[in-house]
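For 183-194, the entry in Swiss-Prot reads compositional bias 'Low complexity'. Taken from Swiss-Prot, the feature region 'Disordered' covers 178-211. What Swiss-Prot lists as motif 'Nuclear localization signal' is 6-11. Taken from Swiss-Prot, the feature zinc finger covers 19-44, 50-73.
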Amino acid sequence: MRGKQPKRNKDNASVKRNYRCVGYPDCNMSFNRTEHLARHIRKHTGEKPFQCNICLKFFSRIDNLRQHQSSVHSDVDLMSLRRLQQSANSTANDPNATRMFPQLRPYGIVVQPAPVPYNLPISTPASPQDTISLYAPPYFPHPMPSAPIPLPHQPPPLPIYSYMQPLFLNHTPIQNHNIVELPPDSSDTPASPSKVQSFDQAKDASPNAKK
């Protein structure tokens, strides 16, 4: 059976309260511990250092914050949320991190991507000279001559039609289009010029041959 505890002496209790609230004439309260005095001073200053990491609401006392989280945000897994917040803080401190955490947005925690260390050139249609000027010149340990180096002379390219031109284009065109050639004789000798007649003469001679 539990024994009776001795009654607290009011005189001894008042003596042990060594931490008194000063700076506020209307307040004469004293406390046994420094954290109790600090918590009391927040009532005068209106300071609320404890913030809810879910709804971002501030509280002056840690016990009020815990009570708020257990009653209002009872369906939220606080341990998982703390791990996500620690991972987000470590990622935000990493300069190479560019990831976002969409699962933290409902809780007011957003990780911004790291800025790009340099500006990339915009790919726009430009001449080769403009494209080369976007980049830094190459580094050479020895001084380069300022005058341009002459390139070896190259012959001009051949025209495309030089090897596609037909042979008959090199000859003069025939002016009389009515000239026909008679069939050759039984011998394989080439036809003589006398056997070549005009188309009009052959037409006139055809009725005489029938007579």
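Heads up, the Cβ atoms here are built off N, Cα and C, so glycines get one too.
Residue counts for the zinc finger (19-44) under DSSP, helix first, then strand, then coil, are 11 helix, 4 strand, 11 coil. When pLDDT is averaged over the zinc finger (19-44), the result is 86.
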